[in-house]
Amino acid sequence: MAIELFYDADADLSIIQGRKVAIIGYGSQGHAHAQNLRDSGVEVVIGLREGSKSAEKAKEAGFEVKTTAEAAAWANLIMILAPDTSQASIFTNDVEPNLNEGDALFFGHGLNIHFDLIKPADNIIVGMVAPKGPGHLVRRQFVDGKGVPCLIAIDQDPTGDAQALALSYASAIGGGRAGIIPTTFEAETVTDLFGEQAVLCGGTEELVKTGFEVLTEAGYEPEMAYFEVLHELKLIVDLMFEGGITNMNYSVSDTAEFGGYLSGPRVINADTKERMKDILTDIQDGTFTKRLIANVENGNTELEGLRAKYAEHPIEETGAKLRDLMSWVKNPLTETA
């Protein structure tokens, strides 16, 4: 089924310009949303917890900074762009007491709404606007007169004009210049989590580490293994990003292409696909989210333990040494980004 696309011509910018918008959080997405909205003629304040390190950055960018509760009380559209694991407490303590009938509560990711961690009153508009790119790209494209495609979704529409509001917001941050794609909270949440866990973060990390282990255990130098299974990964991903898998296969050598066709299915096979389906089920039925929340409630002990364990893998020490030889590569372990 073909997706439906909307553009600036389909959006009424005056709708969002008639709202007072509080951006909760001033990280990667927060700064881009706030600046793009302001440049589109929208009145914006930033809501942050007291003592937030982001407050000074927001003030330097010319924004009024309020506490989260003050920002929520001032606004009639609240966009929550804080980390997933902080959103429920932010909503309960600071946002919910300051919501009024007809206010809008927007999110950049659907997890908390889809899994009922946040349950706004029925008279509140609940929507999502999610650019498909990091905040710095959303901002840079906007400044250049372009945009990043945006997903929009509606969970509650007590007034009947929630989609028009979401379209207006997405257009104001540049989404309408590239394409605005309607979806659902469920689809955005599940596909996003699955992509992160099975492919982008979890799957890729394990593939790289296992390849490194196979080569080093066979007696090859760790440096050679690092170059072949991690360093060159960016070259391949960039080719896929720019033109798809066919573009990547066209661009590499015949030897690499032929070997990939033969050996790829030996690594990622029918058994792998079944395990990926298990991961999808854990996401769909809430198993993963329950574990995520339990980790937070236990002081992040599971996450911290996993983080420490994974950081000890030999590929990390090898990579840090090699990246120090590459003046064009930023190494966040030794440099301030």
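Even glycines carry a Cβ here, placed using N, Cα and C.
Residues annotated as active site in Swiss-Prot, with sequence analysis given as evidence: H109. In the shown protein chains, 21 other C-beta atoms lie within 10 A of the C-beta of H109 (active site).
Residues annotated as NADP(+) binding site in Swiss-Prot: Y26, G27, S28, Q29, R49, S52, S54, D84, T85, S86, Q87, G135. Its own atom aside, the Cβ of S28 (NADP(+) binding site) has 17 Cβ atoms within 10 angstroms in the protein chains shown.
Taking Cβ-Cβ distances under 8 Å and a sequence gap of 6 or more within the same chain, E232 (Mg(2+) 2 binding site) has no neighbours at all. The Mg(2+) 2 binding site annotation in Swiss-Prot covers D192, E228, E232.
Swiss-Prot lists D192, E196 with the feature Mg(2+) 1 binding site. With a cut-off of 8 Å between CB atoms and residues at least 6 apart in sequence, the same chain places H109, G110 near D192 (Mg(2+) 2 binding site), listed in sequence order.
Swiss-Prot lists S253 with the feature substrate binding site. In the three-state DSSP reading, S253 (substrate binding site) counts as coil. Listed in sequence order, there are no same-chain residues at least 6 apart in sequence whose CB falls under 8 Å from the CB of S253 (substrate binding site).
The domain 'KARI N-terminal Rossmann' annotation in Swiss-Prot covers 3-183.
Confidence for the domain 'KARI C-terminal knotted' (184-329), expressed as mean pLDDT, is 97. Annotated domain 'KARI C-terminal knotted' per Swiss-Prot: 184-329, in sequence order.
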Nonlocal residues around T85 (NADP(+) binding site), in sequence order (Cβ under 8 Å, 6 or more apart): L292, I293, V296
Surrounding CB atoms that lie within 10 Å of the CB of E196 (Mg(2+) 1 binding site), all protein chains: 13
Residue, out of the binding-site residues S54, Q87, whose Cβ gathers the largest set of other Cβ atoms within 10 Å: Q87
E228 (Mg(2+) 2 binding site) to E196 (Mg(2+) 1 binding site) - Cα separation in whole Å: 23
Neighbourhood of R49 (NADP(+) binding site) by C-beta distance under 8 A, where only residues 6 or more apart in the same chain count: T67, T68
Site of maximum Cβ density within 10 Å, from binding-site residues Y26, E228: Y26
